[in-house]
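Scroll down for the structure; my scribbles are underneath it.
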Amino acid sequence: MTNYTNIHGHFCELENDGEGSDLSEEYDKNKLAYCVTDVPAWYLCIILGIQHLLTAFGGIIAIPLILSQGLCLQHDGLTQGHLISTIFFVSGMCTLLQVTFGIRLPIVQGGTFAFLAPSMAMLSMPEWTCPAWTQNASLVNTTSPEYIDVWQSRMRELQGSIMVGSLFQVLVGFSGLIGFFMRFIGPLTIAPTISLIGLSLYDSAGISAGNHWGISTMTTALIILFSQYLRHIPVPFPKYNKTKKLHTSRIYIFQLLPVLLGITLSWLICYIFTISNVLPSEPEQYGYLARTDLKGDVIGQAPWFRFPYPGQWGLPTVSLAGVVGILAGVLSSMIESVGDYHACARLSGAPPPPKHAINRGIGIEGIGCLLAGAWGTGNGTTSYSENVGALGITKVGSRMVIVTGGVLMIIMGLFCKIGAIFTTIPTPVIGGMFLVMFGVISAAGVSNLQYADMNSSRNVFIFGFSMFTGLVIPNWIFKNPDAIATGVVELDQLLQVLLTTSMFIGGFFGFFLDNTIPGTLRERGIIDWNKISLDDSSNTLESSEVYNLPFGISSCLSSFSWVRYVPFLPPNAPSSQDEAKVDSLPNGALEMKTTICINIVSIHNIEL
């Protein structure tokens, strides 16, 4: 049996008990190149940081492009570019906060689709419906005070609602209430809530894709081809090091960047069709919006450098309806993030996150949403599941890589021409991406049902009823906007937003029925659901080393007895007696805490 050895951080090996090559082969497949606390070479941090940036790319740019419809910005590419730059800047800032002071795991923060449904519901209210002239490109003067006030007034309303709603997340996180809420929230609440986020956006996907179904279908087909059919096919890339000199290394590029590759290739084809006049040049003709020269002047107009700042669109305003609607998104985002924390810990060779780290992570996400509202992204922030999955692909779990990625996102947000370039992506290409992305979000919600007993007629009824009402009620309210007339304007607005937010309707019925209709904990999926948070890997680093506060803050606070009563602070350090008890454990018990982390000195040794 191999004993645990510590050399310059954590050099860890799995024990080899002589059972043959199967264990060794499985170990080689699952070993980590870098664990959470390891610091790779600077160039490796930059390369992998760029990869995480590109992985989050699709989700980050999709949000301002969708919001632009409700903000009356369809024909204002320059402002769309500013929004994209702002959301990249804030995402980088929130990522640094989360990795440094929050959960302290290698997890990327970015815009959340959970806020889109209530945001679009609020912007669809009669008082916020876009004027007809803003839908006609020939009538829009993007520099006129009237037009600027049209979109900025809507943005300020969103900002205020997000900022006030985020205070609830800050309270829930730093007070430790998230644990209390999780007792009553199971798969039958989460499944319809998350699924309806994707399903409620079908109209945005259909409108964008319908501008040229040929181009959108091609984009969808390419993303499916890269992400599903070619994901296990490596592509040789040239490499050089002192030992092997010039050689090739196989990288699963299709598995890493399927969305970016699909969009880029479709974008290029649209460009070729534009310069060869295959696509129509008349605005009235079908397929005109697939051209790449519609916003050609945006890149030239955009400044090279622009520093986003709080209140850049004016002083935020607040409405009760907007705040309550955003709260539905906040709750959904929190639940999803708790699951991401545990998944990230498993994939990065860290112990399951303790309660104080989860509380701090949720609280910092709330602060991130507050900052996003103040800066004016029109959205909040949440943990990105896509980047958690990338950890399992690259086998690099170092949080320093994510810190580098956060810095790169901030730099990207400062250079407006980068954001302006993304606004020139043709609408049908974006629509093709939406078809895949929203479908995956819907399926991700349904996948939570694996923990519940779906042979139970009780559970089938709860899920089916929650999903169907989550689609029917908002659809009817949209078609009958004058049906809600209580005589109190504020109450009308509140009901309008809530009843047109699919995820709120589905989540509410799922929560209410699951907690009131009799059923065993196992039938409801609560037991298996809780196993996620109780799942402990034998291959982990010490918890305090990963989750304690940085810069010696935890050590300074450990001498105070009141620390144990603060939900978001790590408990006091173990006493010498406790350490002696650990030291007295047999070797076998110690080896159960051995990690699969292996320090690698060069990028050339990483096996993707």
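Cβ coordinates are placed from backbone N, Cα and C, and glycine is handled just like the others.
Copied over from TrEMBL:
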TRANSMEM  41-67  transmembrane segment
TRANSMEM  79-101  transmembrane segment
TRANSMEM  162-185  transmembrane segment
TRANSMEM  205-230  transmembrane segment
TRANSMEM  251-274  transmembrane segment
TRANSMEM  313-331  transmembrane segment
TRANSMEM  401-423  transmembrane segment
TRANSMEM  429-448  transmembrane segment
TRANSMEM  460-478  transmembrane segment
TRANSMEM  493-513  transmembrane segment
Feature contact check the transmembrane segment (41-67) with the transmembrane segment (429-448), CB under 8 Å, 3 or more pairs: yes
Stretch contact, the transmembrane segment (41-67) with the transmembrane segment (313-331), Cβ-Cβ under 8 Å, 3+ pairs: no
Contact check, the transmembrane segment (79-101) vs the transmembrane segment (401-423), 3+ Cβ pairs under 8 Å, seq sep 6+: yes
Considering the transmembrane segment (313-331), which listed stretch of 251-274, 401-423, 460-478, 493-513 counts the most C-beta pairs under 8 Å: 493-513
Maximum Cβ pairs under 8 Å to the transmembrane segment (205-230) - stretch from the list 162-185, 251-274, 401-423, 460-478, 493-513: 251-274
Cβ contacts under 8 Å made by the transmembrane segment (251-274) with residues that lie 6+ beyond its boundaries: 51, 54-55, 57-58, 215, 218-220, 222-223, 225-227, 230-235, 237, 290-293, 390, 393-394, 425-426, 428-429, 432-433, 436-437, 608
